Amino acid sequence: MRVRVVLGVALALVAIAVVVALSQRGDRLAGTNFVHVAGVPVELPGGRRACQVTRLVDDAQRVELFVDTGGRRAPSLDVTFTDPGGAIVARGNHRAGADPGEVVVTLDRRVDGNHSATFCVRNEGARRIGLGGAPAAPDAAATIGRRPTAGVIAARYLRPGRETWWDLLPTIASRFGIGKAPVFGAWTLPVAALLLLAAWAGAIRLLLRGSGS
Amino acid sequence: MTRALIAQLRRIPAAARACALIALLNAVVWAVVVPPFQVPDEITHFGYAQYLAETGEPPPAKEGTAQYSDEQQLTLERLGFFGVIGRADQRGIWTTPDDRALRDALASHPSRQGEGGPSSATNQPPLYYALTAAAYWLSPGHDILTRLYAMRLVSALLAALTVLCVFLFVRELLPGTPWAWTVGALAVAFQPTFMFIAAGVHGDNLLFFASAAVLAALARAFRRGLTRRRAVAIALATVVGALGKLTFLAFLPGIALAFLLLLWRAAPDRRRDALASTGIAAAIVAVPVVLYTVINTGVWDRGGGATGGVAVNSSRAISIKERIGYTWQLFLPRVPGMHDQFDYVPLWETWFKGFIGRFGWLDYAFPEWVYGAARAIFAAVGGLALVELVRRIRAIGLARLDWRLPFGAVVAAMAIGLAVAIGWQGIGYRADTGFTFEQARYLLPLLAPYGLIVALAARGAGRRWGPAVGALLVVVAMTHGLFAQLLTISRYYG
């Protein structure tokens, strides 16, 4: 009887904890341009623009950049993504005054589909800033005018709004099938959840039988 | 022979088989959740197994040759693998075009046979890789990723067998408390650091199984006496360990001590039989190990039994005193006279926090408060286990601990052997590379004693509350595992 009560209470608490954890709202990632912030390789003077070819992913509506201002507030930043034909895929502006570090620029639309785009960041302030990214060879590096910089700019793309993990569940399920054995697909996550549920049910049954409850 | 084996398997309690099945299910879930090659060093273990599968020989590990086949290298690049490991803010491929690019690249049939260049795995003996090579060939699909998942199933099966052995180990040590066997085994079956390694193609999985098996077999021999069959069981588990991973050699002094104590404890009229059994066991261990060393040197040209990995050339001589000081401080507080080896507390940072969970290529972990909460839970578990131990000793008297005391000495000798092996390698690695060597998974060969501690703690709650506390501890372990899985999903897919 004690085992039943303890298991009942404990499992109810676990269920509550899971619901609370998965109901947390937050910024969720749409993807990255596969560049991490290893340093600040792109020095961007005031009034200038740094550009590079990069990937832009489906569902992105905000882009997170790492901005180094030497401790001062970040200047206004203008961000554009253009396709190979020169048409604007998305653009955004971040007003001056943000804390330095991770700066999130909201785009004017939700990106539809995956693109290879020319990504430009314009420093609309007067002072030089640094943009976080990774070192790169001149032919792959971001350029200012025609001059290559020391690296590429890291961009993390965020989905619109603040979502719970429940909201993201269908997206996660589809991501589960990517980059794995071809037999895997969106069905993999629900099946894994069922297998885990079976393991839990088996364990609970064993504990109840073992105690003679 | 087959009939005898089936009869033996049928003698395994149904609860033990159920615990193993539960561990298998959990390990399969982990294998699906963790993306390809994201288990630490899975790339090198897969590379070894693929070379063995393609050529029938372990990698020659010649300096200057490539570690991976073209197929594996291309797959790693197309998965964005090198940009993801060690960088918690980065993710692998998520989009259909990236997936298509990966498939298209693999459709060009890059070579599956690499050069078998030196890696952190290539000095290891080939038993685990032979098992996974079999899965490689039996895989229903011949693309690298389907094969990887088929090979991961071998690791999941080994994890299930490990849990089975933990069950049998606890059963020998707490024979009067059947419910505690299940508690000990299930606490291991849901342990997330163990399960994370079980999710991948990784030689440690055979090491964990062999360690748990040898401990279970030794416990049985100590409790019931050394017979020929039990000596053979210990020897077979030892062979699997020795041909599975070199780390297992750290257990050999403890196993030798066990045989000495078993001989000493044998009744005078059984001593001759016990001696013969020990001889048979020694032969069972020696023949394959010597054979492997000879073939490794003479046929495969890989040097001795333990050579052929990434060269470690200590840039400076390390004194014995320094090695002792380093190994001591890895696990215990520094004592006066010892040079300070760490600017952190390894017992907390490396072992405890690592055991609770530091996943991937050690690039993501729980929020800090979780480790504080876990410390409180582990303190309670340790306290209860200690209370139970003292109570048992008082109840039966020190003199009547009979086999338990020498067996405890054997387990301690094996644990010390493992600690010394970790420390010995650790200081050399740090001297050569400047990086930290130790990871919590290196202590997982001691999963069986861990299961016993949890079972003892539950029993420490007393006859009335013991089963309920045991059930609670298992639910805590399950919850710990579940949140580790959710954390892993958020790391790679969220």
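Glycine too: its Cβ is placed from the backbone N, Cα and C atoms.
Predicted automatically and left uncurated, TrEMBL annotations should be read as such.
According to TrEMBL, the feature transmembrane segment maps to B:12-33 (among others). Sequence-distant contacts of the transmembrane segment (B:12-33) (same chain, six or more residues past either end, CB-CB distance under 8 Å): 149, 152-153, 155-157, 159-164, 167-168, 171, 178, 181-182, 185-186, 188-190, 195-196, 198-200, 481, 485, 488-489, 492.
Per TrEMBL, transmembrane segment is recorded for B:153-173 (among others).
Within the chain carrying the transmembrane segment (B:179-199), a Cβ under 8 angstroms from the stretch's Cβ atoms is held by residues 13, 15-16, 19, 22-23, 26-27, 30-31, 33-34, 39-40, 152, 155-156, 158-159, 162-164, 166-167, 169-171, 205, 208, 354-359, 440-441, 444, 447-448, 450-452, 454-456, 458-459, 466-467, 470-471, 473-474, 477-478, 480-481, 484-485, 488, all 6 or more beyond its ends. Feature annotation from TrEMBL assigns transmembrane segment to B:179-199 (among others).
Annotation source TrEMBL lists transmembrane segment at B:206-222 (among others).
What TrEMBL lists as transmembrane segment is B:234-262 (among others).
Long-range contacts of the transmembrane segment (B:274-295) within the same chain: residues 125, 225-228, 230-232, 234-236, 238-239, 242-243, 259, 262-263, 266, 304-305, each at least 6 residues beyond the stretch ends and with a Cβ under 8 Å from a Cβ of the stretch. Per TrEMBL, the feature transmembrane segment maps to B:274-295 (among others).
Counting residues 6+ beyond its ends, the transmembrane segment (B:407-427) has Cβ neighbours under 8 Å at 215, 218-219, 222-223, 247, 249-255, 257-258, 261, 318, 322-323, 326-328, 330-331, 341, 436-438, 442-443, 445-446, 449 in the same chain. Marked as transmembrane segment by TrEMBL: B:407-427 (among others).
The transmembrane segment annotation in TrEMBL covers B:439-458 (among others). Sequence-distant contacts of the transmembrane segment (B:439-458), counting only residues of its own chain at least 6 positions beyond either end whose CB sits under 8 Å from a CB of the stretch, comprise 40, 162, 165-167, 169-170, 173-174, 177, 179-181, 183-185, 187-188, 191, 193-194, 197, 204, 207-208, 211-212, 215-216, 247-248, 251, 350-355, 358, 362, 380-385, 388-389, 411, 414-415, 418, 422, 466-467, 469-470, 473, 477.
Summarising the annotation, TrEMBL assigns transmembrane segment to B:470-493 (among others). Sequence-distant neighbours of the transmembrane segment (B:470-493) (same chain, 6+ residues past either end, Cβ-Cβ under 8 Å): 26, 29-30, 33-35, 38, 88, 91-92, 94, 179-180, 182-183, 186-187, 189-192, 195-196, 356-357, 359-360, 364, 366, 374, 377, 381, 454-455, 457-459, 461.
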Inset, instruction - Six or more residues out from either end of the transmembrane segment (B:153-173), which same-chain residues have a Cβ under 8 Å from its Cβ atoms? - result: 12-13, 15-17, 19-24, 27-28, 30-31, 131-132, 134-135, 180-182, 184-185, 188-189, 194-195, 197-202, 205-206, 208-209, 212-213, 215-216, 219-220, 222-223, 404, 447-448, 451-452, 455
Legend entry - Beyond the flanks of the transmembrane segment (B:206-222) by at least 6 residues, Cβ under 8 Å: 127-128, 131, 158-159, 161-162, 165-166, 168-169, 172-173, 194, 197, 230-231, 233-234, 237-238, 240-241, 244-245, 247-248, 251, 255, 258, 261-262, 265, 403-404, 406-407, 410-411, 414, 444-449
